[in-house]
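Quick one: the structure is below, questions incoming.
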Amino acid sequence: MSSGGLLLLLGLLTLWAELTPISGHDRPTFCNLAPESGRCRGHLRRIYYNLESNKCKVFFYGGCGGNANNFETRDECRQTCGGK
């Protein structure tokens, strides 16, 4: 196979991996956790994955502690946990 063909194949595989939705079996287990504001008193707007609605939603984070179901952007949440 030529180098151009290999690059095309690599590009198609990368595109497929980016566009394939995350299934429940592939989703990290922390995506199932409820949002936790943590023990500090900040008021930071963050995003968490909501398993019941299959959506990334807003919550307010205190700034420390909490759990890993805590993202700065919806895109980061969607890429990690799936959802809308």
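Every residue gets a Cβ built from N, Cα and C, even glycine.
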According to Swiss-Prot, which candidate among C56, C64 shares a disulfide with C77?
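Disulfide pairing in Swiss-Prot: C77 with C56.
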According to the record in Swiss-Prot, which candidate from C31, C40 pairs with C64 in a disulphide?
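Answer per Swiss-Prot: C40.
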Among the disulfide-bonded residues listed here (C31, C56), identify the one with the smallest other-Cβ count within 10 Å.
C31
For the domain 'BPTI/Kunitz inhibitor' (31-81), jot down how many residues DSSP puts in helix, in strand and in coil.
10 helix, 15 strand, 26 coil
Which ones are near C31 (disulfide bond): of the disulfide-bonded residues C40, C64, C77, which have a Cα within 10 Å?
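Candidates kept after distance check: C77.
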Take the C-alpha atoms of C81 (disulfide bond) and C64 (disulfide bond) and report the distance between them in angstrom, rounded.
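About 21 Å separate the Cα atoms of these two residues.
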